[in-house]
Amino acid sequence: MHSLLRRNISINAVFRSTRSPRALRFSTTASPRLATPSFPCVDAHAARQSKLLEASSLSPSYSRESTDSESGPEPPYARPSPTSYHTYHHSSPMKMTYGDELPSFDIAYETWGELSPNRDNVVLLHTGLSASSHAASTSMNPSEGWWEKFIGPGKAIDTRQFFVICTNVLGGCYGSTGPSSSDPSGERYATRFPIVSIFDMVRAQFHLLDHLGVDRLYASVGSSMGGMQSLAAGWLFPDRVGRIVSISGTARSSPGSIAMRHAQRSVLMADPNWNNGFYYDGVPPHIGMKLARQIATITYRSGPEWDQRFGRKLRKENSSQGSVQDRKPTLCPDFLIETYLDHQGEQFCLKYDANSLLYVSKAMDLFDLTLPAIEEVGMVPPPPSTIEPDYSYSSIYATAHTFSKSHPPPPNPPPHLPELAEGLRPLANTPMLILGVQSDILFPVDQQRELADALRMAGNGRVGYYELGGVWGHDTFLLDVLNVGGAIRGFLS
């Protein structure tokens, strides 16, 4: 492994040598004033590579550096310490959606609030792609969680009323079994790990619920990929899920979002350090991860926010050079938006396992609740729930909010809408809250409208649908406490 890494370093050195004065002799002869170009952003990657190579030579596995997680309003995706979460071990095999079998697995989870004597106040919270189980601070881990402002006494998910459970998903790297975990023989799974589906993640979560003695959820709540999981939970177990909240989610991954995630996986897998997924004894694909995160960050926000937040401002090093004519543009980051994306990628590149990013993002692409897609993987839709809601949701929402003012019934529905409605019939009797964000480019609001329409076509008269404005894009579910939190609080109360 180390010889391969040294060879990569040598190759990089060869590429660097082509930028030497000798290689540019034809230019300097014509114009002796031309200076040798410098690329500090490339040099920074090389310095990181050298540092990791040195660390890997001192340790049998690469060291995940401790980096500053201060990155603005985005949630810090810091690897939790082993003592900050609980672990459920499932010792028997679990059949996966695409035919493989996982011999055993661990699920990392954290909880907030008190479980009621009847165990009927449980809210299962589903995460986005790269989040850990640390949704809010706990006594074991007082650091802020990724949904800190939404969970707690008096907050949107009120822990005086609800017992909240959040897990790290199957395939992840924050305590749950994934590609970086060891198989029964003690070897890292790497890319020998079976392909994971959203359904597999949810089945693993319900094995945890069985272990905790929770027969029925008060609610299944999720945002982004978590919105997919919240739907899958109600679809797989209609009689075990009391109600569903899906925020900026979808019932069918669109080609646009698949394309964005494909681009992220492509740059990651093109990193020579990825080594077909077997990098755990050497240097991780940090450059590929950094670039993948930059692409992802672009999809999390919106153009109007970038304009408000950064405009066309230059980084301080350049803006101090005097007039515009005096500034020397470079091929490395000059604009503040470039430095922001560079920072986001650098912060993330060693905080999440590269193989987990590949597997979990692929699970999002594969998610499709249209009836033909379900039948294609050999699944049979279960019958809808036979349990009537024990509260007045139907009388409140079915009459007042069947269609929001901003979203009348579609005059030209997409061709797949009837197939999606057929696939969603298991959710025909489950109360549902759907939130969409008009500035979201990763999960465009059309996908939430489509979900609401398909559910109504499937016979669900208990669908509450709202569209949110603002410029925060997909990350609105992390930031808009007033509107997102208010809608959740009203739906759960």
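Numbering starts at 1 and runs along the chain as it is shown here.
Heads up, the Cβ atoms here are built off N, Cα and C, so glycines get one too.
The annotation active site, nucleophile is assigned in TrEMBL to Ser224. Within the same chain, residues at least 6 positions away in sequence whose Cβ sits under 8 Å from that of Ser224 (active site, nucleophile) are Gly128, Leu129, Ile247, Ser248, Gly249, Leu442, Phe443, His474, Phe477.
Residues annotated as active site in TrEMBL: Asp440 (among others). Asp440 (active site) has a Cβ environment of 26 other Cβ atoms inside 10 Å.
Per TrEMBL, active site is recorded for His474 (among others). Using a 10 Å radius centred on the Cβ of His474 (active site) and all shown protein chains, the other Cβ atoms total 23.
Positions annotated as compositional bias 'Low complexity' by TrEMBL: 80-90.
Annotation source TrEMBL lists domain 'AB hydrolase-1' at 121-454.
Among the features that TrEMBL reports, region 'Disordered' is placed at 55-90.
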